[in-house]
C-alpha cells in the first residue's frame, strides 16, 4: 500500500507545483524509486482517461474517504496496470466493490471513441512514439552471478531464450516471454518493451540491474581494469557506479560523489544490494574535489555524467507536461556547469581515460562541451575512436566529433544519450607503461541455447538459487 500512497503524494505535488515529477519521486521516502517512478509516469500519462472513468463510475461520490490522486493511482493499477496481486491493503476491498462498474465504464469509453486498445484512448501528445518500443534492457550483475546462470534461471521460469541478437530487427521482433543477449554488451539481457521485472527475485536480490543499454555504455567504454582507482563524479542513482564495480571485480577503488543527500542514500542502498564493496561514497561537489589531494593520486579513470536537461530520457515528457523544451538560459547554465566539471576532471594528474556522458539531445550539452574542453588542453587529450560500427555518431560540429556516440529510440532502440571518450595523448610519467594500455572490449560468447529437461524451481523469497 505504501507504493500507492507515495505515488498519489507525488501526483499531488506535481499538480500543486511543489517540484518536478522526478524530484518528488527521489524526495519520497519510498525505497524502490524505479517502481514508484514507473507507476507515477504511467498514471499521469493516462490521467485524462482515468478522470473520465472515475467520474462516470461515480467512484469519488460513493467513497467519500478516497482522495482523488489516490483513486487515480488505484484505478490505473486495477484497469491498466498489473493488478493488485495481493497488494492494495485496505483499499483493495473497496476497489473490488467497484471493479465491475469501473471496467464497464472503460469499455463504454472505448466504444464511444471507436477504439479497441487502451493506448488508443490517449491524446495525440500522450500516444506512444518510438520511445514506447524501446525494449527492457537488464544488466546482469557479475559481482553476484553470470549471464549463463541468469539465462538459465529465466528459462526455468518459462522464458524463451533466443540467443545473441544479430540486429536491431531481432530486438524489434521480441514478444511475449522471449529474450535475447545483447550483441555488444555480454552481460546485457534484452526483453520486450514494458516487461516489468521490478518484483523479480533476481532484481530484488541485486543479481540484475534495470539499466538501459545506452546508460551501460559509459562504464563499458571507460573499461577500468581490476585494481584501478576510479572517480564517478556525479554518481547518483548508482547504476553506472555498480557497473564500474563489476568491471573492477570489487578490486581497486571507486570514489563516488554527489551533492544530493537523498539521491546518495538511494545510491548506497543500490550498491549494497548489488554487493559493491570497493566504493567510497561522499556527499560532495565534485568541483570542490582537489586533484592534488593524495587520496586521488592514483586515479586514472573518471566517469563524468553531470546534471543535464534530461531531454533524452524516455519518460521526460511525463515529468514536465507541455513541450518540455528547456529555455536557452537554462541550457547555457547547464552547459557552463558541464564545461567546468569536464575541465576540472581533466586536471587530475594521473588521469588516463575519461568518459563524458549525458542523457541530453542538445548540442550545447554534448559536442559543444567536449569541443570547449579539448580546446583548453589540445595537446594533452584527444577523442578516442570507439565502437566504429555504432550507427549514430556525434554531430559534425568540429573535426573528430564523429568519434562521439549518440543514441536514440529511433536509431539504436535505446534512450536518448551522448557519450565521448577522452584519452590522454601521452601517459603521465607517474604511470608505468605497463599500465598504459586500455583494455579492449570484446563480447564474451553467448550462452548456448541448450535444451534441458529440468523442472522449473519455485522463485526464491530472497537470494535466488542460481
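Every residue gets a Cβ built from N, Cα and C, even glycine.
The feature active site, nucleophile is assigned by TrEMBL to 359.
Positions annotated as S-adenosyl-L-methionine binding site by TrEMBL: 234, 235, 236, 237, 238, 239, 240, 258, 285, 305. Taking a C-beta cut-off of under 8 Å and a sequence gap of six or more, residue 285 (S-adenosyl-L-methionine binding site) has these contacts in its own chain: 257, 259.
Positions annotated as compositional bias 'Basic residues' by TrEMBL: 447-456.
For 126-425, the entry in TrEMBL reads domain 'SAM-dependent MTase RsmB/NOP-type'.
Summarising the annotation, TrEMBL assigns region 'Disordered' to 430-466.
Counting every protein chain shown, the number of other Cβ atoms lying within 10 Å of the Cβ of residue 238 (S-adenosyl-L-methionine binding site) is 27. A sphere of 10 angstroms centred on the C-beta of residue 236 (S-adenosyl-L-methionine binding site) encloses 25 other C-beta atoms.
The two recorded residues, residue 359 (active site, nucleophile) and residue 234 (S-adenosyl-L-methionine binding site), show a Cα separation of 13 Å.
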